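Trainee: Dumping the structure here so I can ask a few things about it.
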Amino acid sequence: MNEDYILIRFGEISTKGKNRKLFVDRLKRNIKMVLRDFRNVRYESTRDRMTLVLNGEDAEAVMARLKHVFGIQSFSLAVKCRTDLESIKETALASVQEQYKPGDTFKVSTKRAYKQFELNTNEMNAEIGGHILRNTDDLTVDVHSPDIHLRIEIREDATYLTFRDEKGAGGLPVGSGGKAMLMISGGIDSPVAGFYAMKRGLEIEAVHFFSPPYTSERAKQKVIDLTKRLTAFGGDIKLHIVPFTKTQELIQKQIPENYSMTATRRLMLQIADKLRERHNALAIFTGESLGQVASQTLESMYAINAVTSTPVLRPLIGMDKTEIIEKAKEIDTYDISIRPYEDCCTIFTPSAPKTRPKKEKIEHFESYTDFEPLINEAVENTETIVLSSKAETKDQFADFF
């Protein structure tokens, strides 16, 4: 039988009440973006389900991409037939005959979305199961652990038959919860933070601080590749590359070495906040995990956060490094993150950074230098690259938007 349909089931979207249509529309838009290479696919959506009509496109390739789209609870490759008993029986038998081998077991499960259908769920299971048994050899029923599990979904307009459910990414559709900026360094942690931000329905724009000649073009490319990898979960992402060399050089000259890391983080946050405001985002995400390094103690976070009233969200705050690495491997960012190209924070790491910096002290040290012109210059000269799951990218400058 020609399995030319994919049934998509929603997760948390189903709890959204009156706003459900907005979430479904966003999910449909995201799926279309991720599947833009598959030009023959057609989309049908209702309040409770979405159906993709493949029109001959590669089903396995389409499903491989759907696994990463947030907002999908599960999905199934399906055969479609008319909603009448004889048509369902014929389609079910033909589908099972294509799949089974002698000695296999099977089970039939029916869901009646169309309650006016002539048989109820139990009657349908018995009718279809009996029809299959009478017309196959060496195939038996096992309702607990079958080799073949035939699921039948009866709707008024059509009936769909499936044999396997694929787990989706869960969460909420990217973009349904607003926009946030992700501070991305090129390390292991920040892409994972971006993943979790997107899972909760946020559209992200990434911000990376680039300090040539201290950091190389290969380090920049690593961040581009990481951001591109995240596009698999929700479509295009803007990456803002901030020129940070002058600012870091001034920090090295004017701020005591043990407080230079704190000053660097504070200035990065101020620049990210200005970009957030310019691009109409509402929060900033970081990959910080409490106590992991000197700049991620509670005292450091307090001193750094003091430069902004914008929410700074840290989804990895309670995770240890092993957990973060496992998630990075799962989402395929780990191998990119461990490429041996250092970012600007690594290059300028002091030998003995202050692990419990005082907010009053860093404010005192910074008061002798006017960093504002360099902050504004960095924002104005920020380069923006629009990354997508397709091969090409677009270079733009931040002031274009």
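Note that Cβ sites are derived from N, Cα and C of the backbone, with glycine treated the same way.
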Trainee: Need one residue: from GLN254, GLN296, the one Swiss-Prot lists with MET183, ILE184, HIS208, PHE209, ARG265, GLY287 for ATP.
Mentor: GLN296
Trainee: Does anything in the same chain, at least 6 positions from HIS208 (ATP binding site), have a Cβ under 8 Å from its Cβ, and if so what?
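Mentor: Correct list: MET183, ILE184, SER185, GLY186, LYS220, VAL223, LEU239, HIS240, ILE241, VAL242.
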Trainee: Let's see if you can do this one: DSSP helix, strand and coil counts over the domain 'THUMP' (60-165), in that order.
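Mentor: For that range the per-state counts are 36 helix, 31 strand, 39 coil.
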Trainee: Would you identify which of the binding-site residues MET183, ILE184 has the most other C-beta atoms lying within 10 angstroms of its C-beta?
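Mentor: When each Cβ's neighbours within 10 Å are tallied, ILE184 tops the list.
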Trainee: Sort ARG265 (ATP binding site) into helix, strand or coil using the DSSP assignment.
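Mentor: SS state of ARG265 (ATP binding site) = helix.
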